[in-house]
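According to TrEMBL, the region 'Disordered' annotation covers 1-20, 358-389. Annotation comment: TrEMBL describes 9-98, 116-214, 224-306 as domain 'Ig-like'. What TrEMBL lists as transmembrane segment is 320-347.
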């Protein structure tokens, strides 16, 4: 059995003049496009209005001065606009209107998703003992709608408490939290306990936080020890001084408490092991104590600080005389080396000359040498000259 519904021409014309839109979902900070279409515009323009009924665009004409809102397309049959950097406050029903007789409208519901923040894990007590039971808490704010939290240890799922939901002060987003309780074993040493937040705004992206746990095996755990090491070893007034509290233990100390005898309250409590004196004074002298603490116990070391007088600073005149003295000593050293070499040279050549003279007294004159007497060949006389040919 079938039936046919007949429509009058006026009814068909009314349907053709009815605009249509679609609902949109956008992540906070993103961009949404609102598209309105009509088949028969009847010589009228389309208009977009926001949830507060403020006109955004009438045809291609901007009506609201908001640079985030831009015209995408304007024709007699379509009006499309975009809203960038969408905020949670932009959520609501947007209206597309065509001013025919009567005025026809279509609604577009814009849903803005709040992105959850990176989760935070609290409640971890460092260095758990084997077979201890521990509880960890996880929290994430800013999601809309409310996100869900899950737990895992490595690749193994942990069954935590159901996610608790609390509305944020802005009245739009939510803070979610969850807890997980489990007993640790020796194999859990170094394992990562991971809290992940699941939300449609993340589009499958991972948003999680890991907490690495330490598990102590009682057969090799021991209480800490400590000693204080000064740097520099012999501090003087006016210098910078670091007192290093070198703690050892299994597990290693996680906290250091510095005290000075006769001084109240304690100087410093920190996870760092050094006590710093930027500029030493005589008044800093005294006995200092460092207490190194782990969950296996505590140990206190002592150091007596005696601030010495400042080092004497050499004057410029003394430096000048020292430089001059060094230069003079170097020159004297060079002269001594030169005299030694010169004396050695003269001794060698004097010995050679005496040897030649001794040989010349025994041997006859060389055949190429003639002695001619300038006074007529006499062998004597004061004006005797020798000529060597």
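These residue numbers are counts, starting from 1, taken along the chain as shown.
Cβ coordinates are placed from backbone N, Cα and C, and glycine is handled just like the others.
Note that the structure is predicted; figures quoted are calculated from it, not measured.
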TODO: Go ahead and report the DSSP secondary structure tallies for the domain 'Ig-like' (116-214): helix first, then strand, then coil.
DONE: 6 helix, 52 strand, 41 coil
Open item on the list: Restricting to the domain 'Ig-like' (9-98), what is the model's mean pLDDT?
Closed with: 91
